[in-house]
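Here the structure is laid out as structure tokens; the discussion comes afterwards.
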Amino acid sequence: MAENAEGDLNSNLLHAPYHTGDPQLDTAIGQWLRWDKNPKTKEQIENLLRNGMNKELRDRLCCRMTFGTAGLRSAMGAGFCYINDLTVIQSTQGMYKYLERCFSDFKQRGFVVGYDTRGQVTSSCSSQRLAKLTAAVLLAKDVPVYLFSKYVPTPFVPYAVQKLKAVAGVMITASHNRKEDNGYKVYWETGAQITSPHDKEILKCIEECVEPWNGSWNDNLVDTSPLKKDPLQDICSRYMEDLKKICFHRELNSKTTLKFVHSSFHGVGHDYVQLAFQVFGFKPPIPVPEQKDPDPDFSTVKCPNPEEGESVLELSLRLAEKENARVVVATDPDADRLAVAELQENGHWKVFSGNELAALFGWWMFDCWKKSKSGNADVKNIYMLATTVSSKILKAIALKEGFHFEETLPGFKWIGSRIKDLLESGKEVLFAFEESIGFLCGTSVLDKDGVSAAAVVAEMATYLETMNITLKQQLVKVYEKYGYHISKTSYFLCYDPNTIKSIFERLRNFDSPKEYPKFCGTFAILHTRDVTTGYDSSQPNKKSVLPVSKNSQMITFTFQNGCVATLRTSGTEPKIKYYAEMCASPDQSDTALLEEELKKLIEALIENFLEPSKNGLGWRSA
């Protein structure tokens, strides 16, 4: 049937067999309308059917979500590849099936559920409602559920999984994504996010459990079941107690005249950052009033991602100037990431990149460890970690100081599971990070944590101030001692998966088939590593040491001039990201020269490898 002829469908046909000319679509429409009990999302599909919008119906109903770097993430709305009541029920049924197979004591140990403050009126979809449905599916199967009674920072879920000895947990969040999105982030019993093979196995189980079970829609169970417990007070007090392990100067903090401003970016962070500062002995940070309380529309920022820098920190910086506060800390909406800005002598603000903050955290955590240990503490037992697209500054510090540094694939799930392995073999991990402002100080949580990082930054600034040193000045000292690491990270928008694929395939067959480029413009390439295919020219056997990641694109080039550049697709957004860093030795201190070299290399990288105008890529808006 022609698409425009479909417009004549009347409502009677909505409940008859569907004849769109595509049997797969007809089946999917029938399933959706039978299974979905949310009137708003059901109506969205009915309207598309009534208006003959077959292409959009196909896009919404004929594919499923898969696990990216942060679990399942998509727009809220109707359809099997969107986040909504039905897909969350299906995902939880699949989780139940898989966990029942993996843990004989599942029904004794239970499951943790947390949520942020996202929501969408047009789909009757909110993180809180999705969390209740997640809990309902499990309660209906007699599984004890620890459901937080209030929104919490994402790190509280992995923390609770460990402390309560639950088999797993889910956080309903899309972190710093645009307001239309939501997500389903899964943690294993270790307290780290799930990695392969669990993600693939859970997806298989979801496929086998797509029809809602009796009781899966019964969210009243959350109020009536004796198996539901609220872990909020217990977990919050234990978390705050554990924070003391990474506080080294409480007395100093209690006397400081430094003032701090905190923005919670319309998300969950306010109450928890206030408490964390209290634990560290500080007066509470000054909150940005317009951004203190949850707002699913994120109405004062163009995007809820503090990583975007000064343009989204505007309200925080103006308040800090008014209040005479020199340091601003901003947590993203689910409080697992942290942005930091500092007022400089010249009246300008310095917004630190994730890599710059990591240089400061790495120096600080090692310095505090050294000072708190007796002379015979073994530095060889100490580890720091970073994802492979992040700065190599920790590697430089580790080489000079004698501790270990390790790299993982992008995504904190890889860091979390590696830390777990290291802890189990008796090692001590002081700090881990990813360049997209994700930091972990200590190991109480096995995921990035903006709440603890905010308190640690405040303590670092307080300590440095007693010596009349700013964070920016200390960063320079770190670079002077260990070598300048100047990096730039940005992205292009690309909504066409085929274009993305052809860009990366061209790099794999550059001058001739199965040949990677030897030059990028005038810059000679020393080594190429392609994690997607498992190739690494720097290894004797030409095989990548990092595990192969076939479902995402990622190629790293090491240049003769000391620069390392990576091109990769985002695991959560329609982006091609690039990361480039000049790693200089301590004797190379001409930063202007290093910056100019990096700038030229990035221009060559974009022009020769990404070809934005030819490929119709959207530039990141300033």
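Backbone N, Cα and C define each Cβ position, glycine as well.
What you see is a predicted model, and the numbers here were worked out from it, not measured in a lab.
Among the features that TrEMBL reports, domain 'Alpha-D-phosphohexomutase alpha/beta/alpha' is placed at 65-208 (among others). The average pLDDT for the domain 'Alpha-D-phosphohexomutase alpha/beta/alpha' (65-208) in the predicted structure is 96.
Residues annotated as domain 'Alpha-D-phosphohexomutase alpha/beta/alpha' in TrEMBL: 238-345 (among others).
Counted with DSSP, the domain 'Alpha-D-phosphohexomutase alpha/beta/alpha' (354-481) comes out as 71 helix, 22 strand, 35 coil. Annotated domain 'Alpha-D-phosphohexomutase alpha/beta/alpha' per TrEMBL: 354-481 (among others), in sequence order.
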### Task
Could you give me the DSSP helix, strand and coil counts for the domain 'Alpha-D-phosphohexomutase alpha/beta/alpha' (65-208)?
57 helix, 35 strand, 52 coil
